[in-house]
Amino acid sequence: MQDQLDHELERIDKLPKLGLLWVEYSAYALGVNIAPRKRSSKYCRLTRILVLIVNLSIIYSLVAFIMENYMISFETYVEAVLLTFQLSVGVVKMFHFQNKVESCSQLVFSTETGEVLKSLGLFQLDLPRKKELLSSVSLILLNNWMIIDRQVMFFFKIVCMPVLYYCVRPYFQYIFDCYIKDKDTCEMTLTYPAIVPYLQLGNYEFPSYVIRFFLLQSGPLWCFFAVFGFNSLFVVLTRYESGLIKVLRFLVQNSTSDILVPKDQRVKYLQCCVRLFARISSHHNQIENLFKYIILVQCSVSSILICMLLYKISTVLEVGWVWMGMIMVYFVTIALEITLYNVSAQKVESQSELLFHDWYNCSWYNESREFKFMIKMMLLFSRRTFVLSVGGFTSLSHKFLVQVFRLSANFFLLLRNMNNK
């Protein structure tokens, strides 16, 4: 007979998960198939080659612009530097997750199907109120998926703002120059400052201006897929892990309940809880191994980008307020990007800290010798909370987030002082 919990997990697996779906599509657009059970990986290699060629072409064009204007002023090419960093990090992320695509797809599969909770044996025990227990566990999981969808789609909307700005800016600029300013000559400008190399063959250019224009237009889209796709994947995995810990906390809290768990079943019930703890610990280690080094890269680059944006904001305040809206959206996107890592990791850590107290507060002192022994062992194991590290150097937390922003502010002050001199 199939476990009731397994049956419920299959039902939840079939429910639409908008946030995770967009994450999968974003990764797939870069040639990284993190959900092979849903779609084929046949053309992923070709997609990655195409994405790499296009991204390197755009990066080369941006670097060419930076070198051309290097001696003028930093304000002239700061936007090109920002985009170069974003595209470069996107390429690094693409290769990183492709190298770990098996681990990544396994985590996504485990998260979506509830593999960690399957075959626990909990609902094969002789419990009087299995329905109540099952509905409570199911409610925790469903609410957790709702939170995941809300967070991911909120980040989706934020990341879309600078992408839309870059995509529509040349068209609005063209309308303004030709019809509002009433210039004698007007032409379509490039999406952002860049020098795309081309060959002049008589009256023809290769690649043509149209191709160069749309090449640069694709840049913000590649940034979107890398920023949204892989950062939101971290949110999905860690949020789901915190949901698993919530389920375990609920089970531990009721391990000595006379209503839900009879006294003769408590040792077996607690064994199921211990089994779940071991699985969550293994799941956590997989997330840690997948993200710890790429988070270090992301935090370092985000710190530099925030510093440059602060500098750009200071120059805009002096020159005018025309670009302030766009720069603030860009700033919010990058700040939110690094904040999501820390807030999601902090949530997991907070839940694991609460789990330690739940093991201790479950009235274990009135139970059997075997029950007491298992509780003591779990108190020993759960003293070490589930933390996610930054390259193995420090842990993601609210404290680390403050340090990143403080470091960015210090770099900004240093940059401004150097420029003034």
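Backbone N, Cα and C define each Cβ position, glycine as well.
Values in this document were obtained by computation on a predicted structure and should not be read as measured data.
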Checking Swiss-Prot: are ILE180 and LYS312 on the same side of the membrane?
yes
Labelled transmembrane segment by Swiss-Prot, one stretch among 196-216, 259-279, 385-405. Can you tell me which?
385-405
Give the residue counts of the topological domain 'Cytoplasmic' (337-384) per reduced DSSP state, in the order helix, strand, coil.
40 helix, 0 strand, 8 coil
Beyond the flanks of the transmembrane segment (72-92) by 6 or more, those residues with Cβ under 8 Å of it
30, 52, 55-56, 58-59, 62-63, 65-66, 192-194, 219, 222-223, 225-227, 294, 297-298, 301, 304-305, 308-309, 311-312, 315, 330, 415, 419
